[in-house]
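Asker: Would you mind keeping the following structure in view while I ask a few things?
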Amino acid sequence: MLHKYLKLICLLAAICVLCIISQNSTKIWGALKLPNSHYYSNTSMISSIPKMSVSPVKSLTETELRVKEILEKLDRLIPPRPFTHVNTTTSATHSTATILNPQDKYCVGDQLDILLEVRDYLGHQKEYGGDFLRARMFSPALKAGASGKVTDFNNGTYLVSFTLFWEGQVSLSVLLIHPSEGASALWRARNQGYDRIIFKGQFVNGTSHVFTECSLTLNSNTEECKYLNGRDQDVFYCMKPQHMPCEALTHVTSRNRDISYLTSKEKNLFHRSKVGVEIMKNQHIDVSQCNKSKEVKEKCQIGMKIPVPGGYTLQGRWLTTFCNQIQLDTAKISGCLKGKLIYLMGDSTLRQWIYYLPKVMKTLKFFDLHETGNFKKHLLLDAEKHTQIQWKKHSHPFVTYQLFSVIDHGYIPQEIDRLIGDKDTVIVITFGQHFRPFPIDIFIRRAISVRQAIERLFLRSPATKVIVKTENIREMHIEAERFGDFHGYIQYLTLKDIFKDLNVGVVDAWDMTIAYGTNNVHPPDQVIGNQINMFLNYIC
């Protein structure tokens, strides 16, 4: 009898367990769900079930901590500067510049220091720093120029230092690009939203073409396609078109959205008359050679630390201050490039390089890859010398009115991971201009991902050469909130911080384009030629 009761109790217990499992099956199987591996080439529809991370928790935590550290550093660099009236903001006209320890005679190699005291429109001395300034010295007749170094004492005074690199009459310039109140407003506005740019994705299914809105962030109110790079968690979303799969996305374009996060009062700081105003009017000095001996410098090599400024222009030629730079002729360039595989990864400022090179090396010919548009992959070949040079655009965000293909594009870290590398492989990287309209954390994460990909490359191929080209300065009066140089300067500082101590060569295009005074996102051929010559000095 006892045996029958025990069997009955076991049966009832089993029935209860089955009921519990049935009622909670979604939770149980959801908890056991294994992570999916996603790469950018894969597409998936957004579901309501949260997906587990594909990256190790440790590496994600390290990245998040690094992002947080950099953001905190930048927030300290650009503190909030609220103001009640434009009259209390920095005025170039009312500010003063005083040459310290003026000399009767200046010699090549001397340092010239200038004390800058900034005041507001009412003539009151400012009590804090943060103004976005640009210092430059130049001699138009000599086609000479160099940037100056600005030290902010955070009390309304600045030290502007120039190294006198050439003899002759030298003009001095310190531009107030934006007052500290404007810089603070741009920083706050930048990090408030992702919607200054509208992306449109083209989906193709046979003869049907449909455009839907795309974004770097998820709009949870609509059914969307998610394009995910699993390793670095880079993601791009598009609204899913009806009757088409997510895999049907072929092209993307973008437009500026009519939106601003600046107040009406703040917008007054960015009128053309208030951007790039000269503080030092008609200031110049005469510099003599003084028979000073020239310092003997070692050959330019990858991994060298670059001072500020890192060089200057004279007779239109860029001359470095930290290494012995050689002006390479056609024969030397030809010999250097023999057997080289060169990968240019980035934006249209690097595409200028691949357009310029055939003008110097007539044996380099474009190979037709049967792609269309300005942002197609470009390939230069010299079959006899076994030279290959490729330019490929970086992935999202890529801002352009022109339609570009997303069939064969990848994030720079992905492209680096696909390369085997060897002593004759060279990679050149640039990114930044297309990141300016978006919160800075996107740029920070991408820069960290690129660094990590380079470190992985060096593990499997330490002999591979990597060169980083920084951003060019661009048009002075372009829309400051979306594309202005203040955003570029913050990215320039961030990139230098993230890439410090990494064994790469740097073509400091920011410093170079200030020296040339181009103020053009696509500088003329003379500047491009000198950027390329600096690059060749690293690899030849």
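Placement of Cβ uses the backbone N, Cα and C atoms for every residue, glycine included.
Below are the features I grabbed from Swiss-Prot:
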- Asn24: N-linked glycosylation site (CARBOHYD)
- Asn42: N-linked glycosylation site (CARBOHYD)
- Asn87: N-linked glycosylation site (CARBOHYD)
- Asn155: N-linked glycosylation site (CARBOHYD)
- Asn205: N-linked glycosylation site (CARBOHYD)
- Asn291: N-linked glycosylation site (CARBOHYD)
- 1-22: signal peptide (SIGNAL)
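Set these features in their place in the structure for me.
Answerer: DSSP assigns Asn87 (N-linked glycosylation site) to a helix in the three-state reduction. Sequence-distant contacts (6 or more apart, same chain, Cβ under 8 Å) of Asn87 (N-linked glycosylation site) comprise Asp120, Tyr121, Leu122.
DSSP assigns Asn155 (N-linked glycosylation site) to coil in the three-state reduction, placing it in neither a helix nor a strand.
Non-local contacts of Asn205 (N-linked glycosylation site) by the CB criterion (under 8 A, 6+ apart in sequence, same chain) comprise His243, Met244, Pro245, Ala248.
The Cβ of Asn291 (N-linked glycosylation site) has 7 neighbouring Cβ atoms from other residues within 10 Å, across all protein chains displayed.
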Asker: In sequence order, which residues at least six apart in the same chain have a CB under 8 Å from the CB of Asn155 (N-linked glycosylation site)?
Answerer: Glu127, Tyr128, Gly129
Asker: Going by DSSP, is Asn291 (N-linked glycosylation site) part of a helix, a strand, or coil?
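Answerer: Looking at the DSSP assignment, Asn291 (N-linked glycosylation site) belongs to neither helix nor strand, so coil.
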Asker: What does DSSP say about Asn205 (N-linked glycosylation site): helix, strand or coil?
Answerer: strand
